[in-house]
Structure formats: C-alpha cells, structure tokens
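First comes the structure, then the notes that go with it.
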Amino acid sequence: MIHTIKSGVFLKKEKSLLDLPIEVMPVPQKVYIHFCQHKGTPAIPLVKPGDSVKIGTKIGESGSKISSSIHSSVAGKVVDIRLHPHPILGAGLCCIIESDYSDNWDQKFIDADYQSLNINELLERIKNAGIVGLGGGGFPTDIKLSATKDKKIERLIINGCESEPNLSADFRIMMEYPGSVAEGARIIQRIINASEMLFVLPKIYKQAFELLKKEGVEVKVLPGRFPQGSERLLIKEVANKIIPMDRLPFEMGFMVQNVGTCYGVFQAVKYSKPLIERVITVSGNGIKKPKNLLVKIGTPLSDIIQYCGGLNGNLKKVIFGGLMTGNAQFSLDTPVIKTTNGIVFQNSLKEEEETECVRCGKCIDVCPIGLLPRIIYHYIKQNDFVNAVDYGLKECIECGCCGYICPSLIPLVHYFKFAKMRIANG
C-alpha cells in the first residue's frame, strides 16, 4: 500500500545519482574535525598540538548529558586546535590533524558476539563510537535510545525516505549494505523493546525495497512527496498519529531512526568501530563529476572538489545538505561533519527578485503541518513576533515548501528563521 502526506511538494529526483555506486575517497592530507558535530554541547578536547593519534583515537569526550564523543578519522599528528569554518555554526573549535597515510588503528576491529550483550552494553558501544542521527538531526543516538527506558515503544520506524532531490546517500547504503542496515535496525529494536519495526521508503527506491524485503524486514512505500522524511510527518503517514509539538515521539510510543544511523549502530556494536566516515552525495551543475562518496569526517570541501574532477564553470553557491533545507557555505575550507549527507555545487542562480505577496494562498496549500505562512510572514514584516508565534512560527519545521511554491519569490523560511533568532535572543 502506498501512503502519502496531504501537502508538501513533489520534487524531481536526480535519478542519475541513484545509479552511482559508493566510491571510497582517498585519505586527505589534513582533516579538520570539529568538536561540535551533534545536538548538545561540544565535546571536550582530549588532545593538544603535537600529539600523535591513530585512526579511531578518541580526541573529544562527551561534554555534558547531551553530547557525543569525537574520534580521529586518520592516523597522524595534531597540528592545531583552533576556530575553523563550520557548515552549520559558521565557525567552531576544530582539531586539525595531518595524516601520515598509515592504516594504524587505535584498536583492532572485534567481531563481537553482540547477541550475548545486554542492553546497557549495547548502549555503551553506541556511545563510545560517537553515533549520532545521520539523517541531519545529529542527536546522540545512545541518549535518544536510553530515553525510552521507561516507555512502551509500539513501533520503530526506519526512515529511508531521503526526499531531497539531490540526495542518494541513504539509497546507496541500502543498496550496498542491506544486511548491515537491517541488523542495525534489529539492534535498535531490541534496545528499545519495540513491538513492531518497519522501513519506510519512497516508491522510486524499488531496488532497495526488494533487497530489504530479502533481509526479512517489513517495508512500506511512500510516493516521494517532500518533506515526508520529517519525523512527525512520517509518523502521521505510517501510523495516523499526530505528535503534538510539546511532546516527543517516544513519549507517544514511536521511535524514528535513519538508515545511515542503523548502519553506524551495526558497525559500532559488532566491530566497536567509531563514526569516523560517512556516505555523502556530491551533486549539482557546479561540479564536473557528481558522486556518492565514503569520506573521512573532517575532509575539507577543497579536497572533495579535486577528487570530483574540479569545479564546472563559475561557482555561485555551495550547499551542505539538501537543496531545500541545506546550509549555504562561505568557505571551501569547510569540512564534512557527521551530519553532512550531501554537498551541492551550483554555477548558476536565478537572478529574479522578491516582490510583494499577492495573497494567492499557495504557501498555505503546501504547508505540510497546516500553518498559514503568508500570515506569519505578514506579522514578521511588522515586527509583530507575538502574533507570529500565535500563528505557529515556532511550529514551523523550515522545510522550505512555502518559499519553493511562492510566485513572488519570497524566501519565507529566511524570514521565519530570522524571527526565531530574534525571539531567542530577546
């Protein structure tokens, strides 16, 4: 049965990207590993300039109750710890490591009999590996799973929707490692004691659907409307349950995990392998050779550009993440972090200008959570943030559907983010 969200927009998927197998990118000369690659507080540095590190050496310890460990993705020497361009924060404290190109690991992989491990031991392995949500959220996985301890989880939903048009990393992970993804999901199901588990994929991912079915897991299909991969929308479509904004999904019996996170959990639990690399999709008309790459965490943009054949034309914009919800970058020194699922290079941008709202209501039609973007925008323009909040500003998930459909080219999400920031800063 094919389910669908009632609003949102259909975005044409770049099918050519789906056919590109994962390539392992060579180790860079230097990696720039940020201490904040997750929701919560930054990790506390455990190394200093001059220290030697191995692949998988823990270089940052969890900084608080909500934080995550950071590991070296290469063997070599720490050359500096300083502020460096960050794909989300703008700048952040970063450990710069010069690689010696050796295959010298901090510890050998242990092919563990993880079936005999208890729940606390499984969670400890996930924590020690620095696993976070790889769908973009970046919430520490061990903390998210631990929060369900006294809750009854009816359904674990594995999110393989990947509804951004330029992303295919999750698809390739499912295609090339279906067994590991399925087993990682089963480990999560065991930890949270979920009654049911199912994978949710878009219709276009038929090949992955077949491979996962062979692994013995339940799979449901969605038609591919954006932003159906959003956690609360996915629960609404799959289980017909609305999660209020003041509640968390696990409080109402649901848990959503990304397929990449499942793969990371499997690697952590079975082999004690930390999160030091990830699959990303490199795309756009501004890069000569689009690819799906397995890259070391901390790999800078400049190295990725070189490996993908160089820039195509005059580069106008670089986006980390999806075209709809990603973050534009200001430096080619910006590195890949744990939550980077794609990079878009653009050599042409529409030069059209924003005009006055014509009150057509299209933004209202496509809002997947039923807000009135036009009204919220109206109040923000008047600096009336009280009424903007009353009309749902804080409930906005910043998917970008309203701005995408707007005939006046109003960057509505830009206004909403600005207003949220103003409110947060008093």
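Positions of Cβ are set from backbone N, Cα and C atoms, glycine also.
Curation does not apply to TrEMBL; its annotations are automatic.
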Have a look through Cys360, Cys367 and flag the one TrEMBL assigns to the [4Fe-4S] cluster 2 site that Cys396, Cys399, Cys402 belong to.
Cys367
Which of Cys308, Cys406 does TrEMBL put in the same [4Fe-4S] cluster 1 site as Cys357, Cys360, Cys363?
Cys406
Can you name the far-off residues of the same chain, 6+ from the ends of the domain '4Fe-4S ferredoxin-type' (347-378), with a Cβ under 8 Å from a Cβ of it?
5-9, 227-228, 230, 232-233, 284-286, 311-317, 388, 391-393, 395-397, 399, 401-412, 415-416, 419
In the same chain, which residues outside the set Cys367, Cys396, Cys399, Cys402 have their CB within 8 A of the centroid of the CB atoms that define the [4Fe-4S] cluster 2 site?
Cys363, Val366, Pro368, Ile369, Leu371, Pro373, Ile397, Glu398, Gly400, Cys401, Leu412, Val413, Phe416
Given the binding-site residues Cys357, Cys360, Cys363, which lie close to Cys402 ([4Fe-4S] cluster 2 binding site), meaning Cα to Cα within 10 A?
Cys363
For the recorded [4Fe-4S] cluster 1 site, enumerate neighbouring residues of the same chain (Cβ within 8 Å of the Cβ centroid of Cys357, Cys360, Cys363, Cys406, site residues themselves excluded), in sequence order.
Val358, Arg359, Gly361, Lys362, Pro373, Arg374, Cys402, Ile405, Pro407, Ser408, Ile410, Leu412
I'd like the number of other C-beta atoms within 10 A of the C-beta of Cys406 ([4Fe-4S] cluster 1 binding site), please.
22
